[in-house]
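Working notes, beginning with the structure itself.
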Amino acid sequence: MDQQAIYAELNLPTDSGPESSSPSSLPRDVCQGSPWHQFALKLSCAGIILLVLVVTGLSVSVTSLIQKSSIEKCSVDIQQSRNKTTERPGLLNCPIYWQQLREKCLLFSHTVNPWNNSLADCSTKESSLLLIRDKDELIHTQNLIRDKAILFWIGLNFSLSEKNWKWINGSFLNSNDLEIRGDAKENSCISISQTSVYSEYCSTEIRWICQKELTPVRNKVYPDS
């Protein structure tokens, strides 16, 4: 008997095992986030940076103001200290050859001149002919005159237009201040001696008295340490 080959086609399911294909990639928005999320994140970062800059700027400004205030305070303290050392009221002092009388310095001339020339000489010394305010000042001035026979011009003459005795500062004589011996007339000027007050012709050559204010001498007084 002829053996007949029998062929059978086996259609066995092939087991390909696990899928060899690469896993599908994750969605892009899982890693990178949505556009709104990215915008919010950037905005937050920008806000934080801006806040840091503002805080830093404020800190610098405050520090600068504090330093400026400290410097100004130190400057004020130094100036006040200088004022204490140089600007405290000091003694009052007259120039050499001048004599002190109250708050005035007086210079008694040793030469003679007419009244107008005497007035000009005092002006060159940054002073004026003597102005006497009251009887008490007159007496104190006369006490400084050593010789009874010597006369001295003062800053008082007769104003013909106003028919009155007028001081060189523009004020008029109070009749109670000086008891004048002599006439009140044109070209009359006043002189004083150790004992009296006289009206003389302004052209008469006699001595004169200049006056100036006392000069303050600033003493250095150092502040307590």
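Each position is counted from 1, following the chain as shown.
Keep in mind that glycine also has a Cβ here, set from the backbone N, Cα and C atoms.
According to Swiss-Prot, the protein has these features:
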- Asn157: N-linked glycosylation site (CARBOHYD)
- 1-45: topological domain 'Cytoplasmic' (TOPO_DOM)
- 67-225: topological domain 'Extracellular' (TOPO_DOM)
- 46-66: transmembrane segment (TRANSMEM)
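Across the residues of the topological domain 'Extracellular' (67-225), the predicted structure has a mean pLDDT of 86.
Within 10 Å of the Cβ of the residue listed as 'N-linked glycosylation site' there are 23 other Cβ atoms, across all protein chains.
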